[in-house]
Amino acid sequence: MTKGIDKYSIDSTDYTVGQDNVQKWGFDVHNPVFGISAGFIALFLVAALVLDAHTAKTALDGLKWKIIGSFDWLFIIAGNIFVIFCLALIVSPLGKIRLGGKDAVADYSFMSWLAMLFAAGMGIGLMFWSVAEPVAYFTGWYETPLGVEANSPEAARLALGATMFHWGLHPWAIYGVVALSLAFFTYNKGLPLSMRSIFYPLLGDRAWGWAGHIVDILAVLATLFGLATSLGLGAQQAASGIHHVFGVEPGLGLQIVVITVVTLLAVVSVVRGIDGGVKVISNINMVVAFLLLILVGLIGWAASLGSIPTTLMAYVENIIPLSNPFGRTDEAWFQGWTVFYWAWWISWSPFVGMFIARVSRGRTVREFITAVLIVPTVVTVVWMSVFGGLAIDQVVNKVGELGANGLTDVSLAMFQMFDVLPFGNILSIIAVVLVLVFFITSSDSGSLVIDSITAGGKVDAPVLQRVFWAFMEGAIAVALLWIGGSEAVQALQAGAISTALPFTFILLAMCVSLLMGMKTERQ
């Protein structure tokens with residue numbers, strides 16, 4: 001091995017994986033990352049008990065919108081940089097580098113790998129927003145993209161293009177930067193599977209000190225709060241769907257039952273590990289999602305399948321104006337939708353990025369970015385076209401609840417669309433099952449990620465730790481719903497999104513650090 005290749009590897013530092021860990025009560029955790037992270041979580045829960053949920057939501061919402069309003073340009077420009085960075089790596093000689101070394105073999109089949117990264121990356125969001133978002137843009141539910149006239153033919157076209165913009169290349173580029181950086185420094189340089197390892201070329205041994213501690217603690221909090229938010233809001237949405245399909249009262253009791261069932265199944269999954277748990281559930285997820293897509297596409301083929309070229313062309317034609325943060329005439333829509341999404345994707349990136357890295361050994365950089373960036377974007381074009389195109393068609397032709405009243409409840413929009421389709425009840429039941437399976441994949445993969453960070457980058461920490469974090473996600477979600485309902489959960493979401501500001505700078509630094517590391521790999 002040449003000197004250049006060793007420059008940023010584990011061999012160039014005295015640090016060893018897990019050297020700062022403490023083994024106690026069956027745990028093997030990093031000191032101080034685990035302790036400080038747990039302390040912040042406890043502090044948040046105490047504050048939630050002491051403070052009024054409405055007051056907390058108002059305060060954190062104020063912080064969130066202050067950040068979004070003041071740094072909208074930064075989020076958008078950074079997102080553009082990440083897309084360009086990833087596309088450049090695909091075509092550059094660096095794309096030939098194999099994660100894990102030239103002789104590394106992929107741990108998972110291509111389809112299982114795609115299933116896992118897609119379930120972690122988008123998951124339940126596609127279920128609810130693939131109908132609600134295009135309808136919202138078309139009808140002007142909360143303004144319209146680029147100031148287009150609501151309910152016009154151009155609005156229908158741009159609604160699909162703008163929805164695709166929010167779920168296409170940009171979010172996957174954000175995830176791709178984090179995932180590739182972690183995978184490269186872990187599998188090619190032998191560093192711990194932890195966020196701090198990415199910055200070893202920039203920080204040197206300071207990465208193992210407080211600079212690294214802060215990065216890892218931020219990643220833990222953003223991931224845990226993001227997952228708890230997803231579980232809390234998702235439980236409310238799932239309960240609404242169950243009520244719509246089966247008539248069960250969608251109150252706090254049903255929401256807690258949903259979270260409990262999801263958490264218990266996630267615990268079973270994390271105990272079985274990636275091969276026996278996460279991979280199996282992700283594969284089931286992909287099959288059920290594909291089944292739902294095919295059924296809806298065939299039933300509403302004229303409106304749904306016919307929207308695919310419209311969505312693709314609208315996305316391509318409008319990606320530049322939608323990516324431009326300056327001189328916008330649609331500022332309310334721009335900040336309320338695009339900038340909010342970018343902040344959410346960035347705050348979500350430590351979780352998704354680390355999980356993708358965990359399952360991506362053996363892929364070349366070119367194969368990795370193509371799979372992480374291009375393949376999900378193509379799948380999302382089809383998904384958004386089928387569901388969004390059919391939903392807009394119902395609005396235009398005054399069909400069903402969507403046609404009569406437009407978007408009235410985001411969590412019910414998909415089920416309302418199914419109501420007027422043949423076999424609508426069957427489609428709704430499949431959708432409820434898929435929502436629950438998406439929950440499980442988010443919870444189990446998130447537990448693996450948090451466990452790795454709080455274990456100092458170890459991937460073989462005690463099973464008890466993974467179980468602890470899976471229960472913690474569910475417990476926080478239940479506690480917040482119990483204390484303050486949706487307002488408490490939305491307060492947590494606002495807090496999680498606020499971490500996007502420091503993480504934007506962290507991700508930009510990742511690009512620099514990754515290039516430094518990859519250049520030595522080529523020597």
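From the backbone N, Cα and C atoms, a Cβ is placed for every residue, glycine too.
Because the structure is a prediction, the values reported are computed rather than measured.
As given in Swiss-Prot:
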TRANSMEM  33-53  transmembrane segment
TRANSMEM  71-91  transmembrane segment
TRANSMEM  109-129  transmembrane segment
TRANSMEM  165-185  transmembrane segment
TRANSMEM  214-234  transmembrane segment
TRANSMEM  251-271  transmembrane segment
TRANSMEM  286-306  transmembrane segment
TRANSMEM  337-357  transmembrane segment
TRANSMEM  372-392  transmembrane segment
TRANSMEM  420-440  transmembrane segment
TRANSMEM  467-487  transmembrane segment
TRANSMEM  496-516  transmembrane segment
Intrachain neighbours beyond the transmembrane segment (214-234), with Cβ under 8 angstroms and 6 or more residues off its ends: 30, 33, 36-37, 40-41, 44, 123-124, 194-196, 199, 259, 262-263, 347-348, 350-351, 354, 435, 439, 442-443, 446, 449-450, 453-454, 469, 472-474, 476-477, 480-481, 486, 488-490, 492-493, 495-496, 499, 502-503, 506
Cβ contacts the transmembrane segment (251-271)/the transmembrane segment (71-91), at least three under 8 Å, sequence gap 6 or more: no
Intrachain neighbours beyond the transmembrane segment (496-516), with Cβ under 8 angstroms and 6 or more residues off its ends: 8, 60, 63-64, 67-68, 71, 74-75, 78, 81-82, 85, 174, 177-178, 180-181, 184, 195, 198-202, 215, 218, 221-222, 225-226, 229, 340, 342-344, 346-347, 349-350
Interface-richest range of 33-53, 71-91, 337-357, 372-392, 420-440 toward the transmembrane segment (165-185), CB pairs under 8 Å: 337-357
Top partner of the transmembrane segment (33-53) among 286-306, 337-357, 372-392, 467-487 - counted as Cβ pairs under 8 Å: 467-487
Contact yes or no, the transmembrane segment (372-392) and the transmembrane segment (467-487), 3+ Cβ pairs under 8 Å, gap 6+: no
Spatial neighbours of the transmembrane segment (71-91) far in sequence, C-beta under 8 Å, 6+ residues away: 169-170, 173-174, 176-177, 180, 323-326, 334-335, 338-339, 342-343, 345-346, 365-366, 369-370, 372-373, 500-501, 504, 507-508, 511
Close approaches to the transmembrane segment (286-306) from elsewhere in its chain (Cβ under 8 angstroms; 6 or more beyond its ends): 111, 114-115, 118-119, 382-383, 385-387, 389-390, 392-393, 421-423, 426-427, 430-431, 433-434, 437
